[in-house]
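*Asks:* TrEMBL lists these features:
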type: TRANSMEM; residues: 12-35; note: transmembrane segment
type: TRANSMEM; residues: 41-61; note: transmembrane segment
type: TRANSMEM; residues: 82-101; note: transmembrane segment
type: TRANSMEM; residues: 174-200; note: transmembrane segment
type: TRANSMEM; residues: 212-232; note: transmembrane segment
type: TRANSMEM; residues: 244-262; note: transmembrane segment
type: TRANSMEM; residues: 274-293; note: transmembrane segment
type: TRANSMEM; residues: 299-319; note: transmembrane segment
Amino acid sequence: MPHQWLKGMFSSSTILLGSSVAVLAGIGLLTWAFAMPLPTILVAALLMAAYSLQYPIYLGRIASEQEPRARLGSSMATVRRVWILGYIVGLVLYSGVSLIGWAELEVPLFALLMTFVLQVVWRRPRDLRTTPVPRGDSPRVTPRNQMSVLVVLGLAISLLRATDSLRSTYFPLFAQQAGVAAAVISLLFAATAISELVILRPLGRLGDHAGSTVPLMGVAAVGICSMALVASGTSPWTLVGSQVLYAVFTSGFQLFGVQKFVEASRHAERGASLYQGSLQVGGLIGILLPLLIDGYGPGIFLIGSALSATALVMLFINARKEGGANASRDRGNTHAG
């Protein structure tokens with residue numbers, strides 16, 4: 001992952017500040033350059049992509065401040081709540097600025113300047129400590145099996161993210177084609193964000209007590225049901241029910257997904273980097289795969305159900321593999337005793 005390569009050369013504070021400067025430059029290009037040619041737009045997009053380097057560092061710092069044995073699930077839930085609140089505040093500010101006639105891109109520009117100031121205040125000396133995973137109930141696999149576990153986990157999380165990306169991209173188009181008013185669609189998404197804030201705390205506690213393996217499989221099953229419900233019809237109760245399930249799915253897979261990566265890699269920032277890479281791959285799959293189907297019919301969401309079902313099978317395979325490794329270790333300890 002780019003984050004791990006960079007971290008070998010620079011401190012995490014330097015990476016945060018450098019990536020913020022890159023994103024500032026990208027937003028500046030979009031804000032002040034008029035009639036931009038395509039190469040300039042691509043350069044701006046590349047600069048703004050540097051933002052993806054920051055999430056693993058924030059996650060690693062938060063994990064390093066927690067009690068090392070217990071509260072990984074709650075820590076991930078806190079991170080997710082902050083992200084959602086920032087998303088809601090950004091939407092409100094963007095809408096308000098648009099209504100009063102200011103330039104909308106000034107909102108992220110001002111927010112990023114504030115972020116840069118906070119990053120300067122929150123500087124650390126060159127990574128004086130590592131951020132290993134809290135041990136707790138984390139699965140123990142041999143180094144020989146760890147790579148295969150991480151690869152399968154990455155594929156599963158990519159498919160869950162593809163389901164999420166498919167849903168968030170094509171649900172408004174599907175609902176609008178089915179005759180649902182645009183205002184109702186917006187309210188459904190607002191209700192989803194609020195529902196996430198409500199359920200994240202209990203999901204975090206579940207991650208503390210049960211780990212991430214079984215809850216992540218449960219979330220994948222919820223994703224199957226949510227997608228199938230949308231494909232079954234567009235009645236008001238069907239849409240509301242599917243959005244409630246979707247709130248559980250999208251918050252759950254992101255919370256337990258990053259927790260599972262941290263547990264499997266046994267390092268907070270490395271696990272978060274792998275998780276972030278899986279999200280980026282899955283997001284692209286979820287946008288492109290439905291293009292194989294003409295229009296915005298219910299078949300799109302059957303694809304989403306199939307993606308979640310495949311992810312569930314992969315997670316089950318990983319759980320069996322980890323369980324087998326633990327059983328072998330326990331038998332070895334018994335014979336040694």
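From the backbone N, Cα and C atoms, a Cβ is placed for every residue, glycine too.
Annotations in TrEMBL come from automatic prediction, not curation.
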*Asks:* So which of 12-35, 41-61, 174-200, 244-262, 299-319 has the most C-beta pairs under 8 Å when paired with the transmembrane segment (274-293)?
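*Replies:* Maximum Cβ contact count belongs to 299-319.
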*Asks:* Would you say the transmembrane segment (174-200) and the transmembrane segment (41-61) are touching, if the rule is that at least three C-beta pairs must lie under 8 angstroms and be 6 or more residues apart?
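*Replies:* They do not touch: fewer than three Cβ pairs between the two stretches lie under 8 Å.
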*Asks:* Should anything in the same chain at least six residues away from the transmembrane segment (244-262) have a Cβ under 8 Å from its Cβ atoms, list it; otherwise answer none.
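*Replies:* For the transmembrane segment (244-262), the nonlocal Cβ contacts are 59, 63, 72-73, 76-77, 80, 84, 133, 150, 153, 157, 160-161, 163-164, 167, 191-193, 195-196, 199-200, 203-204, 207, 211-213, 215-216, 218-220, 222-223, 225-226, 229, 268, 271-272, 274-275, 278, 308.
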*Asks:* For the transmembrane segment (299-319), could you work out the same-chain residues 6 or more beyond its ends whose Cβ comes under 8 Å from its Cβ atoms?
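*Replies:* Those are 149, 152-153, 155-157, 159-160, 162-163, 166-167, 170-171, 174, 213-214, 216-217, 220-221, 223-224, 227-228, 230-231, 249, 285-286, 289-290, 293, in sequence order.
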